[in-house]
Every structure is written in C-alpha cells, then in structure tokens.
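Chemist: Right, I'll just put the structure down here and ask away after.
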C-alpha cells in the first residue's frame, strides 16, 4: 500500500474520522465502519489531509488547472488542497458553489475563479449516491469549464444496488468519462486492518461486508 494511503488511514483513525463498530448508513445497510470527514476539524488535521489528497492526485497523473469544491464539505477540502499545492510551488485557481443563488452582492451560485476554459478537478469527501457530484459536473460545464477528474478521500467500493453492481464512483466515472481518484478505498482499509493489531478483530466483519456489498474491483 502506498504511503499516502497508509498516512491517510492513520490520520483518519487518529482524528476519529474513521470508526469501527456497527453503523446504519443512509442506504439502510449495517456497516462495520464509518467515515466522517467532518472530524478533520482543525488547521493541522485539515492540512495533513490535504497533503494526502495532493499525493494521491499526483500519483494518478490527472491533468487539471483549477480546483472546484462542491458545497458544502468540498469547499474546505478544495481550499486546503489549494493551500497544499501553493506550498509545493503550484498556485492553482479555486472555485466553489453555494447551494442557494444570491440576488445581491456578487450574485449567482459560483464563487471564486472563473471556470471557463479551465480543466477542473472536483474535490469532495466521498461519493455516496453521486447526486452532488453530478450537480457539480453540470455547474462546471454550464460555466464553460471542462471536468477533468474527481478526487475523494474514501471510496467504499460497494454496489449501488443488486440491479447495478457498480459503485457510485464507478457509475459517475463512466457517465462523465473522467477518472475518480480516491486517497484510499475499502481494499486499502482491509490491508490496513490486517497490519494493525488493534484493528485485527474488525477484519472479518469488513470481509463479510465486502462479500455482501463489494464491487467486483474489491476482490
């Protein structure tokens, strides 16, 4: 497992963003783990997370020249990532959307750098159903930008339904024709659990969950 994946999972565990136990998801599935990016709730934690994002993006080799953060969790993530890249000598323009359009001040739903003519990388925490990402794709295209990729912290690698054996990330990637990059995924989490004595008891529930809900790419 590459360093940024291990580093991210260690950070998530330390921040209590990654928890093990029994959690009921919005889908109704009972999951042995839960990820909440909102627990990266300080400057240091967010800066460390952004470095993991940057390493994953660089390793994937995606071509982009602007960062876009969908409201709401994508906004601080994209901002932190822009700061991480500035520290690496790359000053990237940044934009995000608001949920409700303003009819005063600067107006509209978009804030930040103009999207027109840019290759846009969408930054978010996870892809659950893909609704927010699909909305972001529409916003970017309507503003004249070209979506070039999507990056998220964790890919659960689980099927959308018994009828659709793809994950939400796979479905979005296929529909949009762009890569979805994850800092880490369920396969990485299984490897991480196997290598950590404190987590070894959670490996069997994780394997059982993958066996029931995992996509074909998690084997």
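Backbone N, Cα and C atoms are what each Cβ position is placed from, and that goes for glycine too.
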Chemist: Pick the one from 6, 79, 109, 128 that Swiss-Prot also lists for the orotate site with 34, 35, 156.
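Modeler: Orotate site check in Swiss-Prot: besides 34, 35, 156, the record includes 128 out of 6, 79, 109, 128.
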Chemist: Count the Cβ atoms, other than its own, that fall within 10 Å of the Cβ of residue 127 (5-phospho-alpha-D-ribose 1-diphosphate binding site), considering every protein chain shown.
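Modeler: Excluding its own Cβ, the number within 10 Å is 25.
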Chemist: Checking your reading of the structure: which of the binding-site residues 34, 35, 156 lie inside a 10 Å Cα sphere centred on residue 127 (5-phospho-alpha-D-ribose 1-diphosphate binding site)?
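Modeler: Taking 34, 35, 156 one by one, the ones whose Cα falls within 10 Å of residue 127 (5-phospho-alpha-D-ribose 1-diphosphate binding site) are 156.
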Chemist: Just counting, how many other CB atoms are there within 10 A of the CB of residue 128 (orotate binding site)?
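Modeler: Its Cβ shell of radius 10 Å holds 17 other Cβ atoms.
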